[in-house]
Amino acid sequence: MTNTPAPRARRSVLSRGSWSETARIAGILRKETVGGAVLLVASAVALVWANSPWAESYFALRDLKIGAEPFGLHLNLTLGTWAADGLLAVFFLVVGLELKREFVAGDLRDPARAALPMAAAVGGMVVPALIFVAVTAPVGDGATRGWAIPTATDIAFAVAVLAVISTHLPAALRTFLLTLAVVDDLLAVTVIAVFYTDEINLTALGLSIVPLALFALCVQRRIRSWWLLLPLGVATWVLMHESGVHATVAGVLLGFTVPVLRSVAAGGPEAGPGLAEHFEHRLRPLSAGVAVPVFAFFAAGVAIGGVSGLTRALSDPITLGIILGLVVGKPVGIFLTTRVLTAVTRANLDDALRWIDVFGVALLAGIGFTVSLLIGDLAYGLGSDRDDFVKVGVLTGSLVAALIAAVLLRVRNRHYRAVWLQETADTDRDGVPDVYQSQRD
């Protein structure tokens, strides 16, 4: 008699990760919550000011030129451009550090765990882009150039929504949302570098490699002196800006050079965190609390022109394409990709979750703000009529996506609270919740 082998247990997707990873992500989201609140205030101030009797002073401030052109470098820029090209480089530097850490020591280092958020991010990029192109293609005259606008996720805005509705989102969903946003940022940087670069100065681009390589050499040798690293970083940014490639790409490349783990010569991973964590700890408050809100202040201000102006903006195909892309395309792309990949790999959703939870998180990912506004500026030009339509579309689409997500997640909050109580219970008071200890056992 032959023994029938026992059926293999199905793999579970969106399951709870390790305690160290969960604690790290919780810390990041706490900081992003504060940054999200500042971001919302800055955007609200810009909108009110731009539609007040003093609107001219807002636009005069945004368009005020500051800088010089030493050695022929084009650095005499408006304050709005300094915010978009300069301050956002700090944001993308943190993105680079985050990406490097995820690929080296986070969820993305494991192909099995990385496949789902990476595929979901791609799905969440393709579907809204297709919707935008379908809506704007009949217009012609370069309207489809903004196809990438509704493809981005603003994690600070998303976690601010979570804070407002006081939901206890399970650790697995928080991890999925953050990882999704990180991959989204990687895709956004790639899109900006490839599709929104018109002319390239190869000499400046080649020269930018020199300070970038010196920066990499310093951080690999664990040199932390900002007196040395800051000039090298600024030089990389200036030359990248001069090359025609969007200068925020320099931030990501600088972040990629920073080591996540300590080298053997420095004591190895057991000796403590690598330089990437140290830099991220220092730079994230600057990014979330200053760089992104200041950019939002200069980018979100749009003169709506009363009810008639709002009606005109909302009826424009560019505005409609963005709203539909964010509210419909983004969540549907993420949800369907996740559902299909789960079915194809014959996996099961974690027992603590339901598919409605995944759709709620996918709706949060439809909140596209910072990067969406940046791509709008690049696609149509800062201050143009179409750029104003982009702002109305991004603000409206993000607000609608946030409201629907808030309602959906709030309905499930009783269940989330039960999961949260289980995930935070620490009966032996050793600082590690019991569920994570049982995972190790």
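Keep in mind that glycine also has a Cβ here, set from the backbone N, Cα and C atoms.
Positions annotated as transmembrane segment by Swiss-Prot, on the basis of sequence analysis: 34-54, 77-97, 115-135, 146-166, 176-196, 199-219, 225-245, 249-269, 290-310, 317-337, 355-375, 389-409.
Using the rule of three or more Cβ pairs under 8 Å, pairs at least 6 apart in sequence, the transmembrane segment (199-219) is not in contact with the transmembrane segment (146-166). Three or more CB pairs closer than 8 A are found between the transmembrane segment (317-337) and the transmembrane segment (115-135), so contact between the two stretches is assigned (pairs 6 or more residues apart). Beyond the transmembrane segment (115-135), the same-chain residues lying 6 or more positions past its ends with a Cβ under 8 Å from any Cβ of the stretch are 13-14, 107-108, 144, 146-151, 153, 176, 179-180, 183-184, 187, 317, 320-322, 324-326, 328-334, 336-338, 341-342, 362, 365. Counting Cβ pairs under 8 Å that are 6 or more residues apart, the transmembrane segment (389-409) and the transmembrane segment (77-97) reach fewer than 3 and are not in contact. Count of Cβ pairs under 8 Å against the transmembrane segment (146-166): among 77-97, 225-245, 355-375, the largest is for 355-375.
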